[in-house]
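Step one of this worksheet: look at the structure below.
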Amino acid sequence: MKPTVWHHLRLCPHGHPDETIDDAAIAVDETGTIAWLGALSALPHGYAHWRREDLHGAWVTPGLVDCHTHLVYGGTRADEFAQRLAGVSYEEIARQGGGIVSTVRATRAADETTLFVQAAARLQPLLAEGVTAIEIKSGYGLDLASERKMLRVARQLGERFPVTVHTTFLGAHALPPEYAGRADAYIDEVCDRMLPTLADEGLVDAVDVFCERIGFSLAQTERVFEAATRRGLPVKLHAEQLSNAGGTALAARYRALSADHLEFLDEAGIEAMKAAGTVAVLLPGAYYFIRETQLPPIELLRKHGVPIALATDHNPGTSPLESLLLTLNMGCTLFRMTVPEVLQGVTRHAAAALGRADRHGALEVGRQADFAVWSVGSLAELAYWIGRPLCEQVVRGGTTVFRRMNG
């Protein structure tokens with residue numbers, strides 16, 4: 001690529017709307033790395049001969065990060081949506097053989113090509129909203145071959161689309177039917193066979209567990225964490241969504257990258273997260289979709305200074321959400337977060353939840369030039385508008401990979 005100076009832009013380099021530069025410029029070298037940024041009036045003379053790209057006063061933020069998704073799976077669960085509307089709880093559906101296990105059946109039956117095509121269709125709306133990094137979990141295979149298939153598809157998405165994909169092995173997502181009544185035996189399989197094999201194949205960036213009364217116990221979760229730690233892999237946790245099971249404190253002991261959901265999180269768990277540097281990932285799409293009433297403890301998270309990230313939690317059962325911008329709005333309207341909080345929640349803090357705050361979530365000299373260009377008058381509009389296409393252009397590694405066509 002040709003070295004380029006992107007200029008006449010309003011720059012928000014760290015995702016905080018109170019830290020901006022008017023009439024700014026970003027100089028990107030031939031490797032796609034940011035060589036300089038700041039006020040256009042201070043642009044060094046050495047960049048005078050570089051190609052110019054005029055953004056006509058548009059806002060520029062770091063590329064967005066969706067740090068919790070289950071994007072690869074077979075089928076849908078629209079029928080269960082109707083059941084929930086009729087009063088059947090998520091837990092009841094799961095106990096009747098629905099829920100996660102129904103998606104497991106569909107995912108096992110699908111081949112890699114089918115899973116790729118379906119996941120690609122879910123990914124593209126996110127890319128058109130400025131997402132340049134995304135986490136994709138496994139967890140709908142629940143056997144070695146199917147978990148491998150999911151993670152291979154996730155890797156392929158990162159190779160064939162302009163987005164950095166971080167993969168998370170979530171083999172301990174639910175108990176597969178063939179292990180009914182034998183949860184400890186299944187955890188043996190996860191720890192002794194599935195995780196080592198998939199890690200050796202280079203398919204795993206992090207390890208997650210669903211720690212809940214309808215998922216896995218603290219003791220079982222710790223076994224998975226121990227297996228991940230032996231492999232040098234960071235851990236994450238689905239925690240305190242339906243009850244306070246104490247999973248967050250356990251995650252903090254293992255210095256988890258993040259603990260996610262957290263509606264029933266208590267102050268002791270928050271203190272443990274703060275001490276461990278664990279990010280709180282809140283998922284308002286799931287809260288909305290399954291009509292939860294227990295709000296996550298936003299004020300306590302603020303009080304203790306725990307970084308808060310937001311994500312779509314895209315999945316077929318509890319959050320079939322394909323808009324990170326709508327997630328911003330939900331964070332404000334449902335969880336009473338501020339605009340600075342939600343914007344940092346999908347940039348700097350979301351990157352930290354992936355363990356890659358050094359790579360994503362900010363625009364700084366020496367970093368890859370991943371940024372989004374917005375047709376808004378103020379950054380508050382990113383959380384304000386519902387359904388309006390706001391992203392005009394996405395740049396990844398200094399190259400435009402998306403441009404909205406007018407009309």
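Note that Cβ sites are derived from N, Cα and C of the backbone, with glycine treated the same way.
Since this is a predicted model, take the numbers as computed values, not measurements.
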Practice task
Please state which member of D143, D184, D313 Swiss-Prot lists alongside H68, H70, H238 for binding Fe(3+).
Solution key: D313
Problem - Candidates Y47, Y140, the one Swiss-Prot lists with N315, G317 as binding N-formimidoyl-L-glutamate - result: Y140
Practice task
Would you identify which residue of Q241, Q368 Swiss-Prot lists as part of the 4-imidazolone-5-propanoate site it also attributes to R77, Y140, H173, T318?
Solution key: Q241
Exercise for the section: Sequence order is fine: just name those binding-site residues in Y140, H173, H238 with a Cα within 10 angstroms of G317 (N-formimidoyl-L-glutamate binding site). Expected result: none
Exercise for the section: Run through the Cβ atoms and count how many others sit within 10 Å of the one on H70 (Fe(3+) binding site). Expected result: 27
Handout entry: Spatial neighbours of H173 (4-imidazolone-5-propanoate binding site), counting only the binding-site residues H68, H238, D313, N315 and Cα distances within 10 Å
Key = H238
Handout entry: T318 (4-imidazolone-5-propanoate binding site) versus binding-site residues H68, H70, H238 - nearest by Cα
Key = H70
Fill in the blank from the handout: Counting across all protein chains, other CB atoms within 10 angstroms of the CB of H238 (Fe(3+) binding site) number 30
